[in-house]
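A.B. asks: What follows is a single structure, and I will ask about it in a moment.
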């Protein structure tokens, strides 16, 4: 630890740190005092009222305050450990998918075996969180756990977990159940059990970290020097990871998802002057405890009467976005020039013939979707009069799903080409969720809304989210990393808004939920034409820009030297990608992973020229979604499963396959 | 737990046995073939003896709303959020009734049969009044005199129940649905249940804010702020949530729990129409009457 201090920058004098610490401490004390003083009192006859006031104070208010401190400290410690062990300033239980993995595991446990969930909630949550984080790390392994890639992978895994959770809830027909499922943990307590189960874990976690600090400092050295210390280093990393996941999953199992606290705590610790690993380790839990405590006091103070303003977990999620933005300048841009082209195998000999074949396959899928399907009289091939009868139902769906798939394929192609990151996709750009935030606001304002208002509010939300991102990333000439991180930050803010409304469990939640699950069964002629016209108007012009796609991935310097205006061309492409994403998320919801998968396959098949890759991405995107839509309506006929499930079912295995493939290449 | 709910099991049995107008009409079906996605309209149609040929999410409806009985001949259109329109086409309804809730489906369904809209839940409007209007409108449209009878019967029933309840303790009633062990949804004055409560001459213990759908997520600690109330639990709720809650010290220190003022009703659809309102009124009145008279 001393060695570390001498290696890094010299310590700042303490007084500089005094101000934020004192301010935070004062704010906490003040908020709690106000909470105690202003808390609503029970009315009624004095004797009973006194007893009840005491119950509220001792069995609810105080355990809630303590669990805020304990949960905050645990998440702060988990965040500090994760950031250290992964050497990633934006690692945290939410960005790594731990919280949503744990939440999905809990949902599944509850669905399949209520008793099992009752007995070993913590174990279930731990397993879910661990699987999620291992997937995230595996996804980003090949890029040396580069922070941006880790964050994107975390986003993808979180999205798959969320889509599965939503599907299971919808499949059980429960539109508004336990509040904690919506990524909005709440700290309400009515006894000390939560504290009793969580506090010892924090103590043990703190104890373990204390012993791990020293070897952890070795990790702060270069990987090469660390490697010379032997294999033990990997074991140590893994143990630390386990401790962090265990802490975060325990919190999720006890109070639900408290988003981004693990991100906030270490940054705050550094703001308060913590410099060495030891200092950060010691300060981050305190900072986390203070932040969660303060947030929780505020949501209680601002809520009417005895109720809270918003679930505390959703309130902290609002912190996440701004924090990520604040941390942006600290991210070292790796400026990876290579595209996902690295993953491309041998060049295909006859790309045009291949494309024709793929289009043929798409037509075949369309034909299947239009003709084959179950009816009340069993499976049948629709012919003649029956075909004509069913066409009005099947054609708009196929058209909407197909055009949404094509739009997502094209948007994903733009994102991956421009950022040079094969994990970039329109879903993580923050634009789909920005559209969701727009929808949320429209629901709050109007109550019930028509499809046109829905599309309008979503487009406005998507564009605002997008403009905000551009404004943030513009300072670095829209560099790929900045753009992706800004996208994740915007996504975090939008999701916080959506969770707050979802947590209300009322009819608006129902509308949001159906949108999230992505239901193509709503597609009528309006949706079909919206999709088709957008596909023609937005995706076709991209073929004219093929020169940009060849040059932009080569990096700003080179692009400028060949006479390309970097800013305007990036901006044009970004706007196109944003609008295409907004429209497709109106059609099929925000969770389909088509924009991630569709642009990959053409590269793997061996298309090298941008035009071929783009065409391939559009055709494959359309095929995936039309196929998924067909599956979603035949698999448990007459019930129709939300397409989100199939996105996860297709996307998940594909990502795993991609991983194993890359491992072999190494 | 069993000591906290001395009445719950008896309540469930009597609740299930209580006579509702709906069941008796189930087999006298004729007239135009009707279909709907909306549960409130569906139970109204069943209750007035309309010839219902398709409804949505029937499996869930039988669990949550319980009554009226849905005959096996009614086709299940699947999830309310994504109904199977092909199937709706195959059952060939003569008319489809829809609500503001599924407004998006209007253009799609009007290709199958004429769509007529009736809404029971609108921001800022009384669901009971709207349900009454919708029932009468449906009755007129389908020429079912049962609709008028349903409205009058229910008004009479509420009046009778109200008279019976006036003999009671006059305590306020808190209507809740458990979400998990630490949160509940409350039915305020603007909910269907809240309106029935008012029509029964009972006082709603919840005076705080509710969103327009008449529910909000509330922490259970707030139960302590209503020491005089009857706590009425309306299922469905997660089993482990109820178990965890009723085992806690906090719960057992609450005056309503100590003084046996907790009722668990049978499951009722909170977004129902008049049949749900009637079922709720019956279950509540019987529960309270039993509790008061021992």
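Glycine too: its Cβ is placed from the backbone N, Cα and C atoms.
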A.B. asks: Pick from A:330-352, A:353-375: which range has transmembrane segment per TrEMBL?
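C.D. replies: Of A:330-352, A:353-375, TrEMBL gives transmembrane segment for A:353-375.
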A.B. asks: Sequence-remote contacts (6 or more beyond its ends) of the transmembrane segment (A:570-593), Cβ cut-off under 8 Å?
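C.D. replies: Tertiary neighbours of the transmembrane segment (A:570-593) are 156, 159-160, 162-163, 166, 400-401, 403-405, 407-408, 410-411, 414-415, 418, 425-427, 429, 431-436, 454-455, 458-459, 461-463, 466, 470, 477-478, 483, 515-520, 523, 527, 530-531, 534, 538-539, 541-542, 545, 548, 552, 625, 628, 642-644, 647-648, 650-651.
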A.B. asks: Tell me whether the transmembrane segment (A:395-416) sits in contact with the transmembrane segment (A:309-328), defined here as at least 3 Cβ pairs under 8 Å among residues 6 or more apart in sequence.
C.D. replies: no
A.B. asks: Same-chain Cβ contacts of the transmembrane segment (A:528-549) under 8 Å, 6 or more residues past its ends?
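C.D. replies: Distal contacts: 395-396, 399-400, 402-404, 406-407, 410, 413-414, 417, 455, 564, 569, 572-573, 576, 579-580, 583-584, 586-587, 609-611, 614-615, 618.
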